[in-house]
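The following features are taken from Swiss-Prot:
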DOMAIN    210-273  domain 'KH'
DOMAIN    336-429  domain 'HD'
REGION    70-127  region 'Disordered'
TRANSMEM  5-25  transmembrane segment
Amino acid sequence: MTIAITIISSLLFLIVGLVVGSLIFKSSTEKKLAAARGTAELIVEDAKKEAETTKKEALLEAKEENHRLRTEIENELRGRRTETQKAENRLLQREENLDRKDTSLSKREATLERKEESISKRQQQIEEKESKLAEMIQAEQTELERISALSKEEAKSIILNQVEDELTHDTAIMVKETENRAKEESDKKAKNILSLAIQRCAADHVAETTVSVVTLPNDEMKGRIIGREGRNIRTLETLTGIDLIIDDTPEAVILSGFDPIRREIARIALEKLVQDGRIHPARIEEMVDKARKEVDEHIREVGEQATFEVGIHSIHPDLIKILGRLRYRTSYGQNVLNHSLEVSKLAGILAGELGEDVTLAKRAGLLHDIGKAIDHEIEGSHVEIGVELATKYKENDVVINSIASHHGDTEATSVIAVLVAAADALSAARPGARSETLENYIRRLEKLEEISESYDGVEKSYAIQAGREVRIIVEPDTIDDLSSYRLARDIRKRIEEELDYPGHIKVTVIRETRAVEYAK
């Protein structure tokens, strides 16, 4: 029974197990089917989506290909249109060129036609002239045939005249060649003589300056020289015409002026004032007068020394004094007295070499520039003034001619005059002997004073401040105060018209009236 129960139970369990197993299997199968259906649906859905995507991509590619093809076609069409347009433009340009060439050819044809007409006319004129020329030649031949009926003597005379002309020409050539050879030989001899003369004459030259320096014992003396409100320095500048420069230079005062004589007078007067110690306007006037007399005496001594140096005697005392003034005169920076002494010595040496009068040659050389001593005081060139002085003091005619001809203004009438001119050129042309800049500066200052002193009533004028100022001292009885202004204006106008100068020039007219009484 137990076994039966066990079997039944086992069968029941088996049946139940089979049923449960079948149910589980069925459920599992249904789930798998459902999962398979879901997977199939997903696959179908994905396939649809992929197909849709592929379709869209295909459409997009088709559109892009279509756009690309359209663009290529349009570009190709555009390029063809451009080429077509260019071809049309080239054709138009060719047509224009052809038109221009056609026009140019037409003009050339017209020009050629005109030239042909002109050539035809010229040819016609030439033929007419040739015809006239032939007629003239025929007429001349006829006339010559008529005239040629000469006698034997006439033909001989013509031949002799021709021979004479040829001989005269040949003789002139021979004479010219002889003259050239003589000139060459004379040039060689002259150079030899000049070289000997130069070797035997040597002179030192120092370039002149336009300033002098006065040494002071101490710097306090500068204030005394200036004076109260500058009256002392103004008085000294007015009396001498020299510009006093008082600056930071220790224990020194600089005197500036282009006239060496006035500068020397100012230097001596100032040195005497400094030595004396009493410096006031009255004392300054006294010292300037003494200095002027001292300089005049020194000028006379210098003139005598110059004549003694070259061995010249019996010169008029006044001419000796004028000669001494050359010590304070420069020409292009060369001291004129030293230059005259050098010319005198050179002329004497040259005269000795040529057998001429040595003493007379030295005399002419010494006095050849005598006019330069006073050419800034008298109208005329230094040559004209020198001739007048030599004539006035009864110098030899050879000396007078040497003065007149040493610059070629007058023809030399003697060998000595030629020698003086040569010696003058030797002395002046030596390198370093002269400086044109200083001479031009001095000439400008002299011209300033000359313009100022050309007016009536002007007593004296001084160019100072290196030519930047000209001071004119007038006669108070002749020029009143109003006339002083007018005079300054007139002088200013003449300076502007006649002079070339840098910067400005101050024109100062000084009118001073003095009333002097003596108490007894």
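FYI, residue positions are counted from 1 along the chain as it appears here.
Glycine is no exception: its Cβ is also placed from the backbone N, Cα and C atoms.
Mean per-residue pLDDT, taken over the domain 'HD' (336-429), amounts to 85. Counting residues per DSSP class in helix, strand and coil order gives 68 helix, 0 strand, 26 coil for the domain 'HD' (336-429). According to DSSP, the region 'Disordered' (70-127) comprises 58 helix, 0 strand, 0 coil. In the domain 'KH' (210-273), the DSSP tally of helix, strand and coil residues is 34 helix, 13 strand, 17 coil.
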